[in-house]
């Protein structure tokens, strides 16, 4: 069980070696500068001040993130950042600056900032501040005591989101109300100690994502239904459902226990029968039967409770669907608020009128481009048909393409008919041998005369 005394004796959280900047082991001169104390004021040497602060502030927060903690103390940081027997002398100033910027917050101040009814039972868990801390705060001393617990604000928000997702993905999310003890067991891997667990609940309470209530000496936690929803106060329905869930768990455990008891009576009867102790075996069997009857009765009660819970879950689902429908109808009404059938018809008429106007403008512009020339489409069609008919006939007035060429001493006419060729051939024949061409002799290819 966790206790403040045991936590005070716990080690400071692990050696950060291997997770530090390269100059930690390589640059002695720079590390000597970084381990030295800050000047009394930044105005003395702003360059040195900013250089140290730029090194230590991110390192403190990243160290806490790697360790998985949201609570830190000056003493723990001094132990974690020891180097060759030396501790950083300016860590207190670094923490003061982080407090001033709001990246850190005193644990006591954080608790006081949460306005919730369940903060009273958590006060006893946290260590009371020593009197000197209270006096130093009252006197206006901003120094950070070595034992004072500080909270990393951003890391706490991340841890709260982690716990909320863990709950949403667990069987406990079947109902928004859960026992604090069950939630603590579920979050044991995320929250290293009980104080961190309570701080996470306080952060979720601050974000309006959970509320805590004490019922019959037991603390119960109610979660918001959705990641962006706000939690509603615990009502009688929540308490009734929680009691039914507790009854279901109690009955289930009782049935399991009685089942084991019946099995034990059965084994006793078997052993007595083997040993020849018939009466003892009969008594064991009777005890087994009585136990089984109790189990049957408990099963009936358990079925009843589970049936009620199923109906409640179904009604909650129906309510969610109804709310969704209602929201949808409201949104549809809002979107159709200014839309009517008459307005829609008027809009369509206006669109048609504009389209007709656009067509008339286009026709007017197209007519102006022809420069006043008006072509009859029927005449153009007739002319096109006549052209098509002419192209299908053999043209008679076109010159005949020559079939062969005859070379003479004179420049030949490139277009010579067959009759002219035969006359030329007859002249050539008479001049060479007095040959008379026959009209039946076949025509032959002439060789060119050079």
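Cβ coordinates come from backbone N, Cα and C, glycine included.
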248-275, 276-303, 304-331, 332-359 - the range that TrEMBL marks as coiled coil: 248-275
If one takes Cβ-Cβ under 8 Å and requires six or more residues beyond its ends, the residues near the coiled coil (248-275) are 281-282, 284-285, 287-288, 291-292, 294-295, 298-299, 301-302, 305-306, 309
Mean of pLDDT values spanning the domain 'CHMP7 winged helix' (156-224): 88
The domain 'CHMP7 winged helix' (156-224): DSSP-derived helix, strand, coil residue counts: 37 helix, 15 strand, 17 coil
